[in-house]
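Report on one structure; see the data block that follows.
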Amino acid sequence: MSLVLAVNAGSSSLKISLFRRSADNAANPALLLSSSTSSIFAPPARFQLSFVAPQHRSLSEEVDSIYDHESAFKHFLHRLKGEASVDTIDIKHIAHRVVHGGDYISPVMIFEESYHHIKKLSDLAPLHNGSALSVISSAIKALPHAKSVAFFDSAFHKDLPTHVATYAINQQVAHEKGLKKYGFHGLSYAFILRTVAAHLNKAPDTLNIIALHIGSGASMCAIRNGQSIDTSMGLTPLSGLPGATRAGDIDASLIFHYTSRSPAHMSHDPSISKEVKVTEAEDILNFKSGWKALTGTADFKEITEKADTSVLSDPISRTVDPNTLAFRIMLDRILHFAGAYHLALHGNVDALVFAGGVGERSAELRRAVGEAVACLGFAVIDETKNSQVNDDEGIIVDIGKGDGMKRMLVCRTDEQLEMAIECSLAKEFWV
């Protein structure tokens, strides 16, 4: 058999899916099993393994011996050997999701040069590239016969218009240091594009959508004729929408005021100013901000359960309730980009698509966004469909009502499946 192992290393999680490639239908690899490991850095980690065929069974356990991504991957291989009738020699390729690829605009085989290139980019994606590299190293050691291939989230945005990708800074410095908008969540957006196009019976290169990948990391993307023309994340995944622990867009000088020794305001007197190191600033803005900084929890479901989500009844809010504030901040930033992308697409939009853990599960957020964008000609959300998304087994769920309107869709994005499809279709990997 020709098996593809798709590995998705998150900031504190590891998702792995095993697929069988079909030589007759490479675009449709068959899922054999999937696993997820969560709370990697807050032991005990939770490990789950689900078999699709032919056994249709699952197991779930807490594992004290998992303390980083490498140990999580080793535990998966241990369980794979003990629980599945899979010969690891049949695993021909290991597809690794890597968030930041820099100037890599297509998947690459992992050799010494590409490994070190990804390593150099770790500072630009501090929550993800390092964890991906640790799994890549572990995979090469454990499965030396398999070809490790990196698939980059940033590659989907390779065709961003120059004026969108360029920052208004000294361009000589920008080119020397690679300072530009890269964009991320590309594997998710590629899957959304592929799946929504099939759902609407349109060719991918004719599709215009506004896509929302809203999870602990959150971003949006404007896709015109199948290409990314703008996205909310930039040089790093920090910019754009706030996330569970990320600040999102801020005034660039905020960090200096935030860390100033002065209790009232920052002074420009160099004798009393405080030096702010890049690592300190990144730690604050990536790990100590976002919904958790506002509410004390990174669980958006818990936030919405406590928040007043009936935003249209009070459009000019002065709320001080932290949960309501966090919800409204998220909504406000989403609408900011939705309006901009609607203009960028000249109003020619086939659908607004929700994806990601929050986008797929939060009926409250979808309802609030839907109420706001209805004025742009999007279908009014069907409350019954919206509330029953979690009960629907389809990959795409249409939550709007009314024909001839811009569609409101929910897509269960699958970055592992997208990597397996792209890996299976790349003939050069199978020579």
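Indices start at 1 and increase along the chain as displayed.
Glycine too: its Cβ is placed from the backbone N, Cα and C atoms.
Annotations in TrEMBL come from automatic prediction, not curation.
Quick look at what TrEMBL lists:
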type     : residues                                      : note
BINDING  : Asn8, Glu415                                  : Mg(2+) binding site
BINDING  : Lys15, His213, Ile214, Gly215, Ser216, Gly217 : ATP binding site
BINDING  : Arg97                                         : substrate binding site
ACT_SITE : Asp153                                        : active site, proton donor/acceptor
SITE     : His185                                        : site 'Transition state stabilizer'
SITE     : Arg246                                        : site 'Transition state stabilizer'
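Looking at the residues that bind ATP per the record, Lys15, His213, Ile214, Gly215, Ser216, Gly217, the two CA atoms farthest apart are separated by 17 Å. Ranked by Cα separation from Ile214 (ATP binding site), the recorded positions Asn8, Arg97, His185, Arg246 are led by His185. The Cβ of Lys15 (ATP binding site) lies under 8 Å from the Cβ of Val7, Asn8, Ser34, Ser35, Ser36, Thr37, Glu415, Gln416, each of these being in the same chain and 6 or more residues away along the sequence. Proximity note: of the listed recorded positions (Asp153, Gly215, Ser216, Gly217, Arg246), Asp153 have a CA within 10 Å of the CA of Arg97 (substrate binding site), given in sequence order. Rounded to a whole value, the Cα-Cα separation of Arg246 (site 'Transition state stabilizer') and Gly215 (ATP binding site) is 11 Å. When the alpha carbons of His185 (site 'Transition state stabilizer') and Gly217 (ATP binding site) are compared, the span between them is 9 angstrom. Of the recorded residues, His213 (ATP binding site) and Asp153 (active site, proton donor/acceptor) place their C-alpha atoms 12 Å from one another.
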